[in-house]
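Listed features, source Swiss-Prot:
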ACT_SITE  GLU55  active site, proton donor
BINDING   HIS53, CYS83, CYS86  Zn(2+) binding site
DOMAIN    1-132  domain 'CMP/dCMP-type deaminase'
Amino acid sequence: MNHETFLKRAVTLACEGVNAGIGGPFGAVIVKDGAIIAEGQNNVTTSNDPTAHAEVTAIRKACKVLGAYQLDDCILYTSCEPCPMCLGAIYWARPKAVFYAAEHTDAAEAGFDDSFIYKEIDKPAEERTIPFYQVTLTEHLSPFQAWRNFANKKEY
């Protein structure tokens with residue numbers, strides 16, 4: 001498998017997205033058995049969706065194509081090292097590998113600096129820039145109990 005070919009496609013998608021004005025400079029492709037099954041471009045600004053990063057967009061499309069919520073035996077190629085949000089999505093999707101071209105420091109130099117998010121993760125919830133507050137309810141564990149008791153659940 002020629003990883004460079006798929007990475008070049010991801011970079012091309014990123015450039016096309018910029019030139020079309022659909023979002024930030026990021027592109028991604030997902031490959032299974034040597035063939036591209038899904039492509040994604042960042043379209044945050046045109047969709048008004050802050051989660052519409054190239055990797056997430058590609059993952060959503062690939063899962064629809066496969067009719068599955070995990071990307072077993074797939075490889076994700078992305079134009080840039082994934083941000084923390086995309087990293088989480090990638091781990092949930094479980095591809096067998098990820099290849100990227102540019103580093104997150106390259107993205108930071110272009111105005112896409114996500115280093116603050118990594119710093120926020122290590123802080124106690126109440127000390128984050130956007131404070132998080134837990135409010136316990138008597139029924140706060142009931143969704144998890146319902147999940148444990150649900151006979152037809154698909155574990156993931």
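Using the three backbone atoms N, Cα and C, a Cβ is placed for every residue, glycine included.
The 10 Å shell around the Cβ of HIS53 (Zn(2+) binding site) contains 26 further Cβ atoms across the protein chains shown. The DSSP breakdown of the domain 'CMP/dCMP-type deaminase' (1-132) into helical (H, G, I), extended (E, B) and coil residues amounts to 62 helix, 26 strand, 44 coil. Cα separation, CYS86 (Zn(2+) binding site) to GLU55 (active site, proton donor), rounded: 6 Å. Working note on the binding-site residues CYS83, CYS86: by count of other C-beta atoms within 10 Å of each C-beta, CYS86 ranks first.
For GLU55 (active site, proton donor), the same-chain residues lying six or more positions away in sequence with a CB closer than 8 A to its CB are PHE26, ALA28, GLY40, LEU76, THR78, PRO82, CYS86, ALA89, ILE90.
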